[in-house]
């Protein structure tokens, strides 16, 4: 009771199913690579031990092959396909290697180009670095110079500020001095106005004094008959620009001299007549006022001064003798009144009483 067995040999081929076997075998590697997977029934030789010539009717119907088509046709087609299939991977490998070689060449060319470009860029970078260093050095030098200049400018600025502050202080001091001067000027102007008022007042007083002086001069004119422009103190007797004063106080010669000195005068001296040295010529106004009963101390004459002995032991006084006044010698310690003499003085500003 053995059953019949049909064997199917399945082969997977990336070839589109064509009606013509020649078209299938003539496709290039690209069609081979881009095809779809299909299944194809292949006639195999019968298995040993099995009944020859047996085949499944279903398989024969699927293959679409008539019973009258010989089996040898499938065998030849299968053999030709099997011979053509191994050639496609070799061609692809060659193309792959060729593409890989081209890629390597292109990569090498790119590497060389990149190397050349790198060298160019490196040289440019070095050149740029040198230029940058030179520029940086120049800029640093310029910066140092600018910093030095700025330092000098700062010193000059500080000096200028100090000078400005000093000038401002000087200006303020000058302004204060100017203000003080203005205040002093105002004070001087006020003082000037006040002085003008005082001067005006003094002028009025001077005119009043002139009037009073004129009145006084007219009053004094009554008491003086001398026509000279000199005068003597009140109580003194004027005579030829001299003033005489009669003292009624008794005293020695020395005391009389001191008394006359206290009156800013001296003992009177009278000229001697040419005939008699003892005679005395007295002014008429003075002689009338003398007391004839008394003697008066006077200054020693020139002739009597020549005798030093008589000067040291005796002094001169005058007295009346037979109605005339004569000089006589007496002891200096005797007590007698005296006659003082002084220079007459002029009126102020040369004013004459006449």
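Even glycines carry a Cβ here, placed using N, Cα and C.
Checked against Swiss-Prot, the range among 33-53, 54-74, 75-95, 96-116 recorded as transmembrane segment is 96-116. Secondary structure counts, DSSP: the domain 'C-type lectin' (231-342) has 26 helix, 38 strand, 48 coil.
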